[in-house]
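Asks: Dumping the structure here so I can ask a few things about it.
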Amino acid sequence: MDPARPLGLSILLLFLTEAALGDAAQEPTGNNAEICLLPLDYGPCRALLLRYYYDRYTQSCRQFLYGGCEGNANNFYTWEACDDACWRIEKVPKVCRLQVSVDDQCEGSTEKYFFNLSSMTCEKFFSGGCHRNRIENRFPDEATCMGFCAPKKIPSFCYSPKDEGLCSANVTRYYFNPRYRTCDAFTYTGCGGNDNNFVSREDCKRACAKALKKKKKMPKLRFASRIRKIRKKQF
């Protein structure tokens, strides 16, 4: 220790450093969207190798037969490897995952918005309205689009890893598991740890899981009646 530095100042600096590291640990890590949202690519060769890719439309890892050369990075040897890489992709309603179709041959194009799964935002495009009865990723304005498609948010501390603490007690507590979206029991030692620590499972659910289960109200659009048929399949 620097003899010229007061003891109190050293303790304060140590406390601030630990607090900053704790805050950083609460933030969710990257979701690998640049890999997981790449389209399925079999490659040009003719081998039949069992692989797994993240399917943006079902929001799950699925099997495919890889040709053996080229392709892209959305290509995993096992389901577990795919799930480990892509589970952080935020879940959105099915209609918000659909590709946008541009009606180049229609007249009277109007400004619409679609949800971009890669950027997780709503973006402007011009639609001719040729397929008004088709279920599409198409909304009349940005607010309607974001209101229905934007991923549900939970407090940042819900992403903090399970932390049993630093002491020697054996206290049953609960933490939110963001991967499986469940509140699980763990043994807390009585001191230290982080804010992802709840006295009861219900407290954990109220803080971290309740917002994820709340259903969003379907906007009143031309294709709303058909979209209702797929609501049961939403995550």
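Placed from the backbone N, Cα and C atoms, the Cβ positions cover glycine too.
Keep in mind it's a predicted model, so treat the numbers as computed, not measured.
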Asks: Candidates are Cys86, Cys96, Cys106, Cys122. Which one does Swiss-Prot pair with Cys36 through a disulfide bond?
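Replies: Out of the candidates Cys86, Cys96, Cys106, Cys122, the one Swiss-Prot links to Cys36 is Cys86.
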Asks: Near Cys158 (disulfide bond), which of the recorded positions Cys36, Cys61, Cys82, Asn116, Cys149, Cys167 can be found within 10 Å, Cα to Cα?
Replies: none
Asks: Could you state the CA-to-CA distance between Asn170 (N-linked glycosylation site) and Cys61 (disulfide bond) to the nearest Å?
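Replies: The Cα atom of Asn170 (N-linked glycosylation site) is 38 Å away from the Cα atom of Cys61 (disulfide bond).
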Asks: Drop a 10 Å sphere on every Cβ of the disulfide-bonded residues Cys45, Cys96, Cys158, Cys167, Cys191 and tell me which sphere holds the fewest other Cβ atoms.
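Replies: Counting other Cβ atoms within 10 Å of each of the disulfide-bonded residues Cys45, Cys96, Cys158, Cys167, Cys191 gives the minimum at Cys191.
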